[in-house]
Amino acid sequence: MISYEPPPSAISNPTDPGGTTIIQGDGENDEEEDRDIVDAGFNPSVPGAPGQTDTQIARRLVKGKKTRRILSNKPQDFQIRIRVIEGRQLPGNNIKPVVKVSVGGQTHRTRIKRGNNPYFDEIFFYNVNMTPLELLDESVIFRLFNSGSIRADSLIGEFKLDVGYIYDEPGHAVMRKWVLLNDPDDSSSGAKGYLKVSMFVVGTGDEPPVEKRDREMEDDDVESNLLLPAGVALRWVTFFLKIYRAEDIPQMDDAFAQTVKEIFGADSDKKNLVDPFVEVSFAGKKVCTNRIEKNANPEWNQAVNLQIKFPSMCENIKLTVYDWDRLTKNDAVGTTCLSLSKIAASGGEIEEYDSTGTGSSSLEATTEKEVGFLPTFGPCYLNLYGSPREYTGFPDPYDDLNFGKGEGVAYRGRVLVELTTKLDNSSIKKIEDISSDDILVVEKYQRRRKYCLCAVFHSATMIQDIGEAIQFEVSIGNYGNKFDSTCKPLASTTQYSRPIFDGNYYYYLPWSFTKPVVTLTSYWEDISHRLDIVNILIAMTDRLQSNISTLKSAIQAKLPDVRLAEIWMRLIDQLIEDTMRPMPSLEGKANVTVLDKQRDKLRQTSLKYIQEAAIKMRGEATDVKATLTEIEDWLDRLQQLSEEPQNSMPDVIIWMIRAEKRLAYARVPAHQVLFSKTSEEACGKYCGKTQTVFLQYPLDKTKGLKIPTELRVNIWLGLSEVEKKFNSYSEGTFSVYAEMYENQALLLGKWGTTGLLKRHKFSDVTGSIKLKRESFLPPKGWEWEDDWKVDPERSLLTEADAGHTEFTDEIFENEARYPGGEWKKADETFTDANGEKSASPSDLSCPFGWIWDDDGWMRDINRAVDENGWEYGLTIPPDSKPKSWVAAEKMYHTNRRRRLVRKRKKDPKVSTTSKAALTPQEQEGWEYAALIGWKFHITPRSSDTFRRRRWRRKMAPSDQHGAAAIFKLEGALGTDMTEDEEKKGSEKQTATNVFGANTPIVSCTFDKFYTYHLRCYIYQARGLTPLDKDSFSDPYAHVSFLHRSKTTETIRSTLNPTWDQTLIFNTIDIYGDPHAVAQNPPNVVIEIFDYDQVGKDEFLGRSVCMPMVKLNPEVDIAPKLLWYPVMNSNKHCGDLLLAAELIIREKDGSNLPILPSQRAPQIYMVPQGIRPVVQLTAIEILTWGLRNMKSYQLASVTSPSLIVECGGEIVETAVIKNLKKTPNFYSSVLFMKVLLPKDEMYVPPIIIKIVDHRPFGRKPVVGQCTIECLEEFRCDPYLTKHEDAPELRVARLTSSPLRDVVIEVEDTKPLLANQLQEKEEEVVDWWSKYYASTGETEKCGQYIQKGYTTLKVYKCELENVSEFRGLTDFCDTFKLYRGKAEDSDDPSVVGEFKGSFRIYPLPDDPNIPYPPRQFLELPGTESQECIVRIYIVRGIDLQPKDNNGLCDPYIKITLNKKVIEDRDHYIPNTLNPLFGRMYELSCFLPQEKDLKISVYDYDTLTRDEKVGETTIDLENRFLSRFGSHCGLPQTYCISGINQWRDQLTPTQILQNFARLKSSPPPVFSDNGTRLTFSSKDYTLEEFENNRKIHQHLGPPNERLALYVLRTQGLVPEHVETRTLYSTFQPNISQGKLEMWVDVFPKSLGPPGPPFNITPRKAKKYVLRVIVWNTKDVILDEKSITGEEMSDIYVKGWIPGNEENKQKTDVHYRSLDGEGNFNWRFVFPFEYLPAEQLCIVSKKEHFWSLDKTEFKLPPKLILQIWDNDKFSLDDYLGFVELDLHRTTIPAKVPEKCSFNLLDQDKHSKVASLFEQKSMKGWWPCHAEKDGKRILAGKIEMTLEVLNEKDAEERPAGKGRDEPNMNPKLDPPNRPDTSFLWFTNPCKTMKFIIWRRFKWVFIGLIILLLVLLFLGVFFYSLPGYVSMKIVKPNL
């Protein structure tokens, strides 16, 4: 299918109010193109979020649409670059994070880091080759793991987004943004940290933007720099996707098993051979419904629940219906998508209009809240499209279509779904059943209405695949599909017709005045409330698009401002009128969904904004051109508003069927042909109108190389209740017939039914279905109008002369003899070509409508015959005629014959519609065939054995009249069934339906036709593709219009042919209303071919033009020639300048314009008034020379000359005798006078050919070039200013005022000055200048404060800087091409032409003198020896070449045969090397002009790989007047790092510049502080007014001269950024180089000293950390006595130097979290003060050959641990300090709180490098239950010393010697601080006694008391008894 959009220069057809665009609509394709547009989301809880959050989101919703539509469907090279910079706030304790990044099946990971805020700064490259649409569907997945965990839960968090999201960002890049990580499996979890990343999508020819790494400018506030702004909070939402049911699922399984069941008597169901289930996928998650076996209309009634973070970075919810297979993989039935950007709105879409500055702001701010809504959809059906429905049992060649890859060619069912979104993160099932209440609710959305469709086929032309008869089928859904048995048989197919020749090249179907009609009824939901609005918005969009095209044409044509303002005002007024028109209301509609209401609200609000913005623009705009951007934004917005995601009505599909096989198709969106009773605007664009439809092959691999056919079809679709409205749209008279064929066979010389074999006496057209007259029953509502009649189908019986205007009749004269006898007349004297007996030539008459073109029959001797035309043969029995013939007579020959021919031509007096009277034989209506199934013909032959004739019976409607009666044709006409067949009634019915034999035949008869006259003015083409080996083509064009075509003449050996030809189609009969034809005229299709003498002509391209229709020829409107694109396989292959006009013609042709003049017989030129107006023009050609000419036919190009062609004029240079020695032309200027069009749009190109003069007179074309745009070479020859005069453009070749220049440099500086300079160079160097220029002021030291100047850093190549005009101001470089373009590739470059052109008008009066010549006083063409200095600063983002994702780059310089391979200075393991190298070599220009700088990857064992290369044209830099050979610095310095390096002083350069400008020399005064130049006065004071004067400056006159030079637009001192390219991925950046080149001609003396750009060396520093005390440390252990305690020690290191970890001794038994240490850590490190980064060099693995250098920010990590002797130590907490932004500590521990570590802007920080030392308390933190807690406080002294200070003030680690600066005494720890089992006595004293002493004392007292009591009670009885015995004792 071809869709065509006019170029911006095209104008609208004055008789076509609908514009000039004929586009075959394609709803599914649009959906595919837009389905990748990135969703930016919406958060209803934050409607008024700060900043422009919603606006940014809305722009993401909008902006993808513009870029996506221009994407190719051809696989291309792409490169995705992902840079992982750093992490922040990662959860976990003592983690070792690693990031894995996955894109398109490729995964890369970072190095393992330590800590919760790791710094990675690693870049990954992903090279892919796929189509852009496939690429944009790919996902980028960031996964963060804890590498120290071996558990399954090592995943910390992840983040996903589509590649399409990145592609839609400015520059296709997301730079230095934070992404929020979350747990994909736990919706209740919060943020899992942040990653800062940069992402780029680099396509062919794209330049990735350069990252700016400004530490001061970079925002460390994560929330404000999130990829999704903080105002739109990420929330967990649940998508409830309810999948109710599906219908019309096609057969997917083989019927073999069902057939076996049937054999054994089991039930079978062949209609439901499919086991469907639905797979839902979104953002990497997939959920499947249940499988329902053997059901083509399954009901799942299940809800899929998808929990995601919203707004989502992924766009499409993809639904794929699969057929389950037990043994093989599941087959896809079809795929459809829900695009979030279409079913949700953020509310920011409206705000974007205000941001443009012209929008209105009348709506309240709450409008955003009102129009924003979460994703919602349905209940609504989603249609599935894919491969054809017919099941074959073989692998489906179109299976990719079922996965949504490409445009589906057939309807494959539909799925009823509903989507709702809830702000809920509760864990629920992934899939659950839908409640019965919900199933009942959805019933009202399934109510069906009857729709009627009628399609009238007006023409089918441009057919090239001929053979079998052709018919067309129209279907909508399954209705009308002739191969499907699920619907009633309908009159959905046309009759079979055979194509006939159009007399020139194509074939067409001869429908004449009887047009085939198809009609069908179908049942769908009434969604008119959606489609009415869609059609209204589309009409509005089309009008705006047409008006914009008219406005652009007017701007391009440079119309007066007044006329321009009128066109613009008409556009604005039309837009305001359109947007003010009310939209249809949704009130009262039964099946309105939530999405309908929300989109209606969004549309109403958007239209109001556009309306108010247009009103405001109308009153305020002053510049028409400046408003175009905003108007086009409105157009984009309207196009988005016109999209309808809930379009459940399937497309109308037209199939071209040949031999019962589907050949080609076209899809027409139903809404385009739908009738609406709402209003005329709400009707479809082509409803009831004849439109042009180009069919296309399914999955066409040739991408439109051949058009199957061009259809003109009128389609009407409407509800059955309004079917009578069809009467007002219909034209002609509709006729309905039932038909059958009577068959007979020839048996024993008689015709009868005996030998029919399996054929029936009466059958359908295929002969396979038996029919009887009596069994035909008219459909309900119809009745017979007539009896059965014989009615032959003439369109199937075309003769050989059909369609020809000239034809040659032939007849053979036959003679026979016995061998050796005399020749006599044969029995059958005259026969035709088939050997059938024929009448004699004298008896043959000319057929009706033809006249003889010559006098009589002539012998044909242009064959393999003798001089009399005879050819001879031998008859061998049983044959009666010879099988072969020869030209020479032999004795044994028995037969001879000769061919008699006579030409005839069409009789112009006989109308094409006139027909001859039928003979009696023809009236019988029989058509004959040699065998059953063979092609039929009218005239009987002796070899015929089968014949048939068609019987037809006309029907008429019984209860209603008018064209709408055809919609009653529903159901079968009836068939005859035998008893056996009745047993298989269902199968017979299926077969009948399959062949469609019992459906009525509908046709539309036109009683009247109109004769038109077409003139196609083909003027010229440009930029065609070369298809011949000589680098050119021989183009000619076939021009097709309806059933006629003509061919232009062939133009030899050109890619820019000028045909200047008018093709006249004298009489073309078109049936239908002329006004309808004027509104939608047929297309003029031009196909351009390359003529080849041998082989088939090759297709160059196709162009489509809309003719201007003149219904009133008296109206004096001439068509305008316009450029139309020539397309081949969706590739632009040139342009064609043409116009066409279609004039309604009177019978006698009296109203036609006069014929144009003839250039040759029957070749008419383009007439005056249409052809361009020309003017005598001078073209001066500067032919400077040829470069880099490649060999031709294995021989070098040695003696070339140059030919210039333009407008039919040719000039040629002299021959270069030896190209290698003298590549320049001896005579450099050519002059030619040409008649060129005044309008720049019509100017022909300049063609350059290079001819090599070789021995023996051979002059092959060895290269050619076409210059299409000549406007840049136009000039005013009388211009008095001479800044741009060519003779003034050479500043170097003639810039020496003196022949010898001697520069003497004496070292007269005192010793002290030299010492001062050396010291200064330690403070500032060239890198200081570089970083000051790039804005990285933190790296440049005191450079700016000293008053030094900066240089210019260009982010592109110097020649691409716009103000330097490509450095081609003296001469341009034109690429020369040669050869044939194959496989859609461009021809190869075989050389370069150095030259230029000057084009200016010449006076028409020969007496007026010609203007002065432009190319004068040219420099000499001799060679120049030069010194070249190449400075390589650094590489940026080089393509990795090693397995570790890095490379080892080094520089290789190539200049002709000179090579510098700097392999020894490779830089290991980096993608961003700092080279800092300067190379110097000499060369001769122009022979050695191409300087090639390559970057290679160093490999020890294998061959070094090339990363990429860039090439610099030194000749252009040398010749350019912009002084690009050596950039001018800002100041003139005679010493220091900015010392002058050019050969000439500023005053000398200024004198040369004045001479080249033809200005007076500069005059100095006031001791060189005042200068007069070009009539302007300059003073030194005005340039140095606020500038600091330093000791390195030169004399005042030189400084002033330099300041003046810098005002003249010359190249400043600079560093350019050059992109590296590789042949592996051409046109895709492989990285960049920052560098510059100086070129010094040796004739001017030696240059100044070069710059020293050697990279800086890191300095050694020492960080001393004294850990004094800790406090409030978490008590992690319990002692044996039950006390909480910790054995505290502190561990510390600098990131990158983990192998130098240090730790204190252990403070045992801390009972209150206090620890005393007095311990010193000493961390040596290498540091770059200027860049504020640490340099770490170490081997990544033990097997690594080189150390890898890392640059890391200086940080200190300290951790507090609890010591365990018998288990692993316990981690308690940590603190991480940035030495550049060190948190100011608290002086006392009471003020040391957790707030000190908050990363906000109010934190007090200081640089330790500036403060040198700081002391105080810092808080440590840990994580517990997902929250950060205070883990303790640590008192430290931090001190940074350089190497010298460290040596002067030594200090040892810990408390080792030298223990000084300061001296650390052992800590005064409590007596309880010791290891308990090493000191039992201390354990008893300090642990047991201290805690249990009172227990012990109590126990002793208790023991004594008990002992006393025991003794007492022991001795008491004895004492008592003794007292009793001896009381007196």
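Note: Cβ is positioned from N, Cα and C throughout, glycine not excepted.
Taken verbatim from Swiss-Prot:
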- Asp267, Asp323, Asp325, Asp331: Ca(2+) 2 binding site (BINDING)
- Asp267, Asp275, Asp323, Asp325: Ca(2+) 1 binding site (BINDING)
- Asp1028, Asp1034, Asp1090, Asp1092: Ca(2+) 3 binding site (BINDING)
- Asp1764, Ser1767, Asp1770: Ca(2+) 5 binding site (BINDING)
- 1845-1858: compositional bias 'Basic and acidic residues' (COMPBIAS)
- 62-179: domain 'C2 1' (DOMAIN)
- 996-1124: domain 'C2 3' (DOMAIN)
- 1408-1527: domain 'C2 5' (DOMAIN)
- 1894-1914: transmembrane segment (TRANSMEM)
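Positions of the features from Swiss-Prot, shown on the structure.
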| residue | record | DSSP (3 states) |
| --- | --- | --- |
| Asp275 | Ca(2+) 1 binding site | coil |
| Asp323 | Ca(2+) 2 binding site | strand |
| Asp331 | Ca(2+) 2 binding site | strand |
| Asp1028 | Ca(2+) 3 binding site | coil |
| Asp1034 | Ca(2+) 3 binding site | coil |
| Asp1090 | Ca(2+) 3 binding site | strand |
| Asp1764 | Ca(2+) 5 binding site | coil |
| Asp1770 | Ca(2+) 5 binding site | strand |
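Residues belonging to the domain 'C2 1' (62-179) score a mean pLDDT of 81 in the model. Within the same chain, no residue sitting at least 6 positions outside the transmembrane segment (1894-1914) brings its C-beta atom closer than 8 Å to a C-beta of that stretch. Residue counts of the compositional bias 'Basic and acidic residues' (1845-1858) by helix, strand and coil are 4 helix, 1 strand, 9 coil (DSSP-based). Highlighted in sequence order, Leu1027, Phe1032, Ser1033, Pro1035, Tyr1091, Asp1097, Glu1098 have their Cβ within 8 Å of the centre of the Cβ atoms of Asp1028, Asp1034, Asp1090, Asp1092, the residues recorded for Ca(2+) 3, and are not part of that set. Counting neighbouring Cβ atoms within 10 Å of each of the binding-site residues (Asp323, Asp1764, Asp1770), the lowest count belongs to Asp1764. For the pair Asp325 (Ca(2+) 2 binding site) and Asp275 (Ca(2+) 1 binding site), the C-alpha distance works out to 8 angstrom. The Cα atom of Asp1028 (Ca(2+) 3 binding site) lies nearest to that of Asp275, taking the binding-site residues Asp275, Asp1764, Ser1767, Asp1770 as the candidates. Candidates Asp1034, Asp1090, Asp1092, Asp1764, Ser1767, Asp1770 (binding-site residues) were compared with Asp331 (Ca(2+) 2 binding site); none lies inside 10 Å Cα-Cα.
Counting only same-chain residues at least 6 apart in sequence, those with a Cβ under 8 Å from the Cβ of Asp1092 (Ca(2+) 3 binding site) are Asp1028, Asp1034, Glu1098. One way to see the shell of the Ca(2+) 5 site is to take the Cβ centroid of Asp1764, Ser1767, Asp1770; the remaining same-chain residues with a Cβ within 8 Å of it are Glu1677, Asp1762, Asn1763, Phe1766, Leu1768, Asp1769. Comparing Asp1770 (Ca(2+) 5 binding site) with Asp323 (Ca(2+) 2 binding site), their Cα atoms are 56 Å apart once rounded. For the pair formed by Asp1764 (Ca(2+) 5 binding site) and Asp323 (Ca(2+) 2 binding site), distance between Cα atoms is given as 62 Å, rounded to the nearest Å. Checked against Asp1090 (Ca(2+) 3 binding site) by C-alpha proximity, the binding-site residues Asp275, Asp323, Ser1767 yield Asp323 as the nearest. Within 10 Å of the C-beta of Ser1767 (Ca(2+) 5 binding site) there are 6 other C-beta atoms, taking all protein chains into account. Here the binding-site residues are Asp275, Asp325, Asp331, Asp1034; the one with the fewest Cβ atoms within 10 Å of its Cβ is Asp325.
Summarising the environment of Asp1090 (Ca(2+) 3 binding site), the number of other Cβ atoms within 10 Å of its Cβ, over all protein chains shown, is 20.
Broken down with DSSP, the domain 'C2 5' (1408-1527) shows 9 helix, 55 strand, 56 coil. Note on the domain 'C2 3' (996-1124): DSSP counts are 6 helix, 67 strand, 56 coil. Counted within 10 Å of its Cβ, the other Cβ atoms near Asp1028 (Ca(2+) 3 binding site) come to 17, all protein chains included. It is 58 Å from the Cα atom of Ser1767 (Ca(2+) 5 binding site) to that of Asp323 (Ca(2+) 2 binding site). Here the C-alpha separation of Asp275 (Ca(2+) 1 binding site) and Asp323 (Ca(2+) 2 binding site) works out to 5 Å. For the domain 'C2 1' (62-179), the DSSP-based tally of helix, strand and coil residues reads 25 helix, 59 strand, 34 coil.
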